[in-house]
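*Asks:* I am attaching a structure below and will ask some questions about it afterwards.
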């Protein structure tokens, strides 16, 4: 049973226990009020009898009957029982609040560790993507690269920014190679220039105005300009 299920079950039990204690508190309060009313009547009657049996006002040394004193003591005992019941109810609620606080603190700690592990994993994936990029530059392929995985792609999706004119404000591994006319790391979809002598080689789709993979050979803007100038001669 998970903590949430157990805590919910304990709350149901707590509600029943509190209901019984509050019902007992109401009974004690009713009994206390009745006992106090009876004691007040008895004391008033005894004071009146003392006045009639003596001249002048009742002296401070006048004593009430044992019955009146017993009633007053009984009222004090009932009041003490009410206080004890109220404290028990408070302690029960406080115990459940402390359990919930401990669970929330533990959950927050676990979430923090998961975020740290995810950040470390993303950084490791970014480094691996950089190493793969170095391999592509050394042994150049003529195929288009689709959906290159990197931390920058995740960041761009979360911020809603497009790859066109994208300014990556992210911590970059200094050992990770950069590409494209934007001189940034690999992210999103990239395409290779078909000119073997291209100095840049790989480009982000958005930076060169591409939305879909072109058919046939593709040349970057600089290489395309050079190619056209050579044909014009």
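Backbone N, Cα and C atoms are what each Cβ position is placed from, and that goes for glycine too.
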*Asks:* Ranges 36-71, 72-107, 108-143: which does TrEMBL label region 'Disordered'?
*Replies:* 108-143
*Asks:* Taking Cα-Cα distance, which of the binding-site residues 193, 204, 223 are within 10 Å of residue 179 (site 'Histone H3K4me3 binding')?
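*Replies:* Cα within 10 Å of residue 179 (site 'Histone H3K4me3 binding'): 204.
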*Asks:* Spatial neighbours of residue 202 (site 'Histone H3K4me3 binding') among the binding-site residues 182, 193, 223, defined as Cα within 10 A: which are they?
*Replies:* 193
*Asks:* What is the three-state DSSP composition of the compositional bias 'Basic and acidic residues' (108-117), stated as helix, strand and coil residue counts?
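*Replies:* Computed counts for the compositional bias 'Basic and acidic residues' (108-117) are 10 helix, 0 strand, 0 coil.
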*Asks:* So which other residues, same chain and not among 193, 198, 220, 223, have a Cβ within 8 Å of the centroid of the Cβ atoms at the Zn(2+) 2 site?
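*Replies:* Along the chain, the qualifying residues are 194, 195, 199, 200, 201, 203, 219, 221, 222, 224.
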